[in-house]
C-alpha cells in the first residue's frame, strides 16, 4: 500500500449524510391555518365523523347493558356521547390548544365506571331501567368531581410547569404508547369477524398507499378519502353477506359482530332528540367513586398530552408551548364536566384514531375538524340518520384502528430524530420505559382478567381503583418512567442536554420566543389580550 502525503480527498457528491431534523413535519398538504376548499373540507370532516363513531358506539355498547339499560338507553347514550364530543371538539379548537384535535369518549374511564356498576349499593335494585338511571347518576357525579382535577391542573398553570421538563427523549415513550399501547383494540377486534375486518385493512392500505402511485389523478383523491371508500365497500359487502343468510346459523356472538342489522340502534333511536344536562336525573355523589374517577382523569390528562403532541406534529405545527398544552388540558377538564352534566357514561380525551387520520390524509386543518364537530352534533340530534352510520359493524372500525393507532405510535418514534441514539443513557431510558410501559399494564390486566379484580385488593375499594386504573395505562407508565429517569439521570451535563434533544425544544418553552406560536396557537377574537399565553 503506497503512502501519500497529500490533502484528504474532498467528500463525494453522493456521500451519506443524515436526514436533517425538522421542527415542523414537511409534506403536509394543509396545516392548521390553511383550510382545503369547502367541498373537500366537508367530505374530510364527514370522514373524521365516521372515524370517531367507533369509540362512541363501542363504549356504550359495553357499559349500558351492564348498567341495566336496553337498546333504547344505549341509543340515547350514544347520541349524548356524540353530541358532547362535538361540543368539546369545538371548544378545544377555538379556545383550548387550537389544534385540529377531536375530543371523544375514552376507554380510560371504562374501568372506574365498571367499578361503579359493581358497587353494592345498586345490587338490590330489581327494575333494570331504575338501576340504569341510578348507576348513570352515580357515574355523572363521579365525572363532575373528577373534572375539577384537569380544570385546576390545566388553568392554574401547574401542568405548564411539569411539561417544561419534557424533552424529545421522554416524549418518545409517552407518544409512542399512546398509539401502540392500544394494540388490543386492533387485530383482536378485527378477528371477531375476520371476513369483514381483514378486507377492510387490505382495501384501506391498497387505496391509501398504492392507488395514488398507480393512478395519477389530477387531485389526490385516493389517499385523502381512503376511509370513505373502504368503509363503503366493506359495509356494502357485509350487508350482502347479512341478507344472503351467511350468518343464519352462526352463534349469537358472531352475528352481533358481523351482521349489519344487529346493533339495535336504528329501531331504538328517536327521529329527533336534543340531549340536555341532567336528562337522567340529578347526579349522586360518592367519595370513593369520585377518587377512582379522578385517577382516570389524571391518566387521561397524561395520555392526552401525548396525543396533543402527535396532533401538533401531524398538523405541521411547531412543538406545543407548555402554556398552550396546559390551557388545552384545562378545556379538556371542562369537557369532562360536560360529560358529567349530560350523562355520557364516560369521560373524554383526545381521540387517538382521529389523530391517525390526520396522518393518513396529510391534512391537519382546524376547519376540517370543526366541520366534523358539526356533523357529530347534527347526526346526534337527527337520531335515526346517525344510528344508520353507528350500526357499521365494529370489526370495520377495528381495522381502521390498526392503521391509525400505528400512525400515532410512529409519530412518537419520530422524535428520536432529536436525540443521540448512540448514547447508552438514551438507550437505557428509551428501552426500559417502553418495556415497563408494556409489561406493567400487561400484569395488571392479566391479573384482573383471571381474578376479577386488580392486583391491589384492599378493603378500601376507592384505593384499589386508583392504583389499578393508573398502572393499567401503557402510555402513563412509560411516560412516567421516561420522565423521571430523564430528569434525574445526570441531566445537567451540557452533552447530556444535547443527547436528550432538550436544546431542540428550548425556543418553544415560552410562547413568545418563536413567532410561529402566534400563528398556530393564539386565541381568536383578540382574546389573547385578556388571556395572554406565557
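Using N, Cα and C of the backbone, Cβ positions are placed for all residues, glycine too.
Lifted from TrEMBL, the feature list:
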| type | residues | note |
| --- | --- | --- |
| TRANSMEM | 46-65 | transmembrane segment |
| TRANSMEM | 77-95 | transmembrane segment |
| TRANSMEM | 101-120 | transmembrane segment |
| TRANSMEM | 141-159 | transmembrane segment |
| TRANSMEM | 193-212 | transmembrane segment |
| TRANSMEM | 224-247 | transmembrane segment |
| TRANSMEM | 368-390 | transmembrane segment |
| TRANSMEM | 396-416 | transmembrane segment |
| TRANSMEM | 428-445 | transmembrane segment |
| TRANSMEM | 465-485 | transmembrane segment |
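Scored by C-beta pairs under 8 angstroms, the transmembrane segment (465-485) has its highest count with 428-445, from the stretches 46-65, 101-120, 193-212, 224-247, 428-445. Two recorded stretches are said to be in contact when at least 3 C-beta pairs lie under 8 angstroms, sequence spacing 6 or more; the transmembrane segment (101-120) and the transmembrane segment (193-212) fall short of this definition.
The recorded stretches the transmembrane segment (224-247) and the transmembrane segment (428-445) do not share 3+ CB pairs below 8 A when only pairs 6 or more apart in sequence are counted, and are therefore not in contact.
Remote same-chain residues near the transmembrane segment (428-445) are listed as 169-170, 172-173, 176-177, 181, 416, 419, 454-455, 468, 471-475, 477-479, 481-482, 485-486, 489 (criterion: CB distance under 8 Å, separation of at least six residues from the stretch ends). Long-range Cβ contacts of the transmembrane segment (46-65) within its own chain (Cβ-Cβ under 8 Å, at least 6 residues beyond either end) map to 73-74, 77-78, 81-82, 85, 102, 104-107, 110, 113-114, 117, 132, 225, 227-228, 231, 263, 265, 345-346, 351, 353-354, 357, 361, 368-369, 371-372, 375-376, 379, 389-390, 392, 394, 397-398, 400-401, 404. Residues 30, 35-36, 41-42, 44-50, 52-53, 56-57, 75, 78-80, 82-83, 85-87, 89-90, 93-94, 100-102, 263, 265-266, 268-275, 354 of the same chain lie 6 or more positions beyond the ends of the transmembrane segment (368-390) yet place their CB under 8 Å from a CB of it.
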